[in-house]
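Student: Please read through the structure below; I'll follow up with questions.
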Amino acid sequence: MAELVFFSGTMDCGKSTLALQMDHNHAARGRRGLIFTKHDRAGESVLSSRLGLSTSALEVEDDLDFWDAIVGQATNGLRVDYLICDEAQFYTPEQVEQLARLVDEMGVDVYAFGITADFRTALFPGSRRMIELADRVQVLQVEALCWCGQRATHNARVIDGVMVVEGEQVVVGDTASTDAGVVEYEVLCRRHYMRRMTSAAARAASPSAEVLPFDLDLCPLPVVPTPARGA
Ligand SMILES: Nc1ncnc2c1ncn2[C@@H]1O[C@H](COP(=O)(O)OP(=O)(O)O)[C@@H](O)[C@H]1O
Ligand SMILES: Cc1cn([C@H]2C[C@H](O)[C@@H](COP(=O)(O)O)O2)c(=O)[nH]c1=O
């Protein structure tokens, strides 16, 4: 039975890499698929992974109707077994509903990939609808890590070096220049998200026992007292 699966996680946890792998594996078994994305950081009509792999893709515009597009393909005799849908957080809720309909009425498998929440911890509208409709929401196995070593669960936005919690929901890319300044993202655990403690803020606040266990200069090994003889 066809499925709508939402592969989800923070930024930088390997979603696009998995999207490319899933396409490769299904295509290798003779299945016919189409690859969609929206606002990939590498540009229009491309699905790219930070590991360096990329492929051409169909850019999802707000007025794209997935149902019409795939039914149109089938009417022209082009079989579609599955869809790869990257950056699905940017899709409209209506487009997510069209994807669910393709699963139920056309038997097309839909593998969607995206972050759930924005830099304010609010769900993206597309992700919300995915969570509401998907047969399965699968959290990626590769854990993105906060600077403290804990699993990263939140996406922080940093403008000119300072974490912000207000602004436009969509600012594409790992690093982008806007009127507001240089926008970057950093994944954090909830504790450090809540404390607005990015890696740079932690470095500025060091020395502290909990800061940057990966950086020995900032986190000297603890001195373990030698037990007294005969103790
Ligand atoms: N130089 C590297 N060597 C090994 N793995 C890397 C390297 N650069 C990035 N990665 C892996 O790629 C992941 C990001 O992949 P990507 O598919 O672009 O993530 P996402 O789409 O979730 O933002 C990182 O979590 C890391 O595991
Ligand atoms: C948190 C957050 C992210 N974005 C953008 C930034 C990136 O272009 C994508 C996420 O891509 P990835 O492959 O998962 O790294 O989303 C945004 O526009 N708004 C946000 O709040």
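Even glycines carry a Cβ here, placed using N, Cα and C.
Annotations for this protein, taken from TrEMBL, read as follows:
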ACT_SITE  Glu87  active site, proton acceptor
BINDING   Val170, Val171, Val172, Gly173, Tyr185  substrate binding site
Student: In whole Å, note down how far the CA of the residue listed as 'active site, proton acceptor' lies from the CA of Val172 (substrate binding site).
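Tutor: One finds 11 Å between the Cα atoms of these residues.
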Student: Using the CB centroid of Val170, Val171, Val172, Gly173, Tyr185 as the substrate site centre, which other residues of the same chain sit with their CB within 8 A?
Tutor: His39, Arg41, Ala176, Val183
